[in-house]
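**Q** So that we are looking at the same thing, I have put the structure below in structure tokens.
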Amino acid sequence: MLLVATTFLSRMSIPVGGLNLRFEMLACLVALVGLLAFKSRERGAREVGLVGLLALWLAWLSVVSLTTSPSPADSLVIIAWLALDLVAVMFLLWSEVDVAKLALFGVRAAVVSTAVGVVCWILATLGIARFLVQVDPAYGGYAAFAGFYEANIFAGAILLWACVAQSRRLSYIVSPGLGFAVLVCAPTAALISHTRAAFVGSALLVLAVFWKNRSAVVFWFVPSAIIAASVLPATLLNSLNLDKFAELLDFSEGTGRYRAATWERALIDLRDQSAWFSGLGLNSFGQRHLDPSLPGSGQAWYLGSLPLQILYDGGLVSVALLASIALAVYWRWRSKNAAVFLAAYLVVGASTSTLWLLQTWVFVGMAIATSKFSGPASPLGTSIELGSDRGLGTDVRASV
């Protein structure tokens, strides 16, 4: 539970020796102790192979960073962070953790986190207090982050937990009421965090759920109505500093234009240095460029696009390694729920990157662990037995 809990507090850290040790890093260290001190489960060849590919990816990034990054030391710090994330994946695979209960905890935490974000956003908007919010420099107003590293990461995480909650493999442990609550939380978190990508992802998720439950029109009326909020009059959105949602795909101004300029600069770097195959080193974009939106600050420029960051940092080699892992896990699931989750992750990842944050690797570990025991997805409406040794229930039948 500690691993999942700290993903909701990714902004929190403890200064130690000039470094900021984030809570999630400490949780990974605890997981490492657990792996070393306690008996682990039998390690299947498939799991070992996937972990090996992740380790190979980190090794490749290390080599590229040492040879091409302007500041290799800054790159290696992030590689060490990713190595801790890999420890978390191994812990989820080989410890006695109950994956289903872990998922239930994450879904509940997503609802609580959204509630906290809503309260903080309302208080800040009314001018009463500013807590767990940040100013939106492009559009004004306040964007809630609710303890997460950034506001857009908060929105993305809530969306992904909402996707997890809709999985039929978890239908026996996630109640319909809880699933509905976290579904509503997804677009809500997107709105109060000023995150258009997460709002688009939430709309896709709600449409997918609506399509699977076409007979329950009344029950799903509320989340469907939330989608309609994207066409609210601009005057109302403007009064709440949410006018950016009136043009979800606008890249001509504000954060949209900023991101487009960032992506263009990254592609130019890859082209000019002929680095499409090998990449330019982990976390090296900010080492090469200062943020043009903050002149004179010396702030590193942030490459906020997960697919592009993977290509920029490690080239086509990194893309191939991570894509093979994603496809291997998806092939075991082969379900509409898995497709929706991947689509939501890519939509959110297009405008931000959570590659080094623990939340990404918790989802990776859970996906590998559950796919091992549940096997390929059965047709919708049928049932399968779920293996008891992953904590997915003894003699429990769950609709898949």
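Placed from the backbone N, Cα and C atoms, the Cβ positions cover glycine too.
So TrEMBL has the following annotated:
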TRANSMEM  20-38  transmembrane segment
TRANSMEM  50-69  transmembrane segment
TRANSMEM  75-94  transmembrane segment
TRANSMEM  106-133  transmembrane segment
TRANSMEM  139-163  transmembrane segment
TRANSMEM  170-189  transmembrane segment
TRANSMEM  195-211  transmembrane segment
TRANSMEM  218-237  transmembrane segment
TRANSMEM  310-331  transmembrane segment
TRANSMEM  338-358  transmembrane segment
**Q** Using a Cβ-Cβ cut-off of under 8 Å, list the residues of the same chain that are 6+ residues beyond the ends of the transmembrane segment (75-94) and lie near it.
**A** 3, 25, 27-29, 31-32, 34-35, 40-41, 43, 47, 51, 54-55, 58, 61-62, 65-66, 69, 102, 281-284, 287, 355-358, 360-362, 364-366, 368-369
**Q** For the transmembrane segment (106-133), what are the same-chain contacts with Cβ under 8 Å, counting residues 6+ beyond its ends?
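**A** Result: 4-5, 7-8, 141-148, 151, 154, 157-158, 161-162, 164-165, 174, 178-179, 181-182, 185, 188-189, 192-193, 240-241, 362.
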**Q** Mind checking which residues reach the transmembrane segment (20-38)? Cβ under 8 Å, same chain, six or more beyond either end.
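**A** Sequence-remote neighbours of the transmembrane segment (20-38) are 2-3, 5-7, 9-10, 12-14, 81, 84-85, 87-88, 90-91, 94-96, 357-358.
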**Q** Quick test of the contact rule: Cβ under 8 Å, at least six residues beyond the ends. What residues does that give for the transmembrane segment (139-163)?
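**A** Cβ under 8 Å, 6 or more out: 7-12, 106-107, 109-110, 113-114, 116-118, 120-121, 124-125, 130, 132-133, 182-183, 185-186, 189-190, 192-195, 197-199, 201-202, 205, 240-244, 254-255, 337, 340-341, 344-345, 348-349, 351-352, 354, 357, 359, 363.
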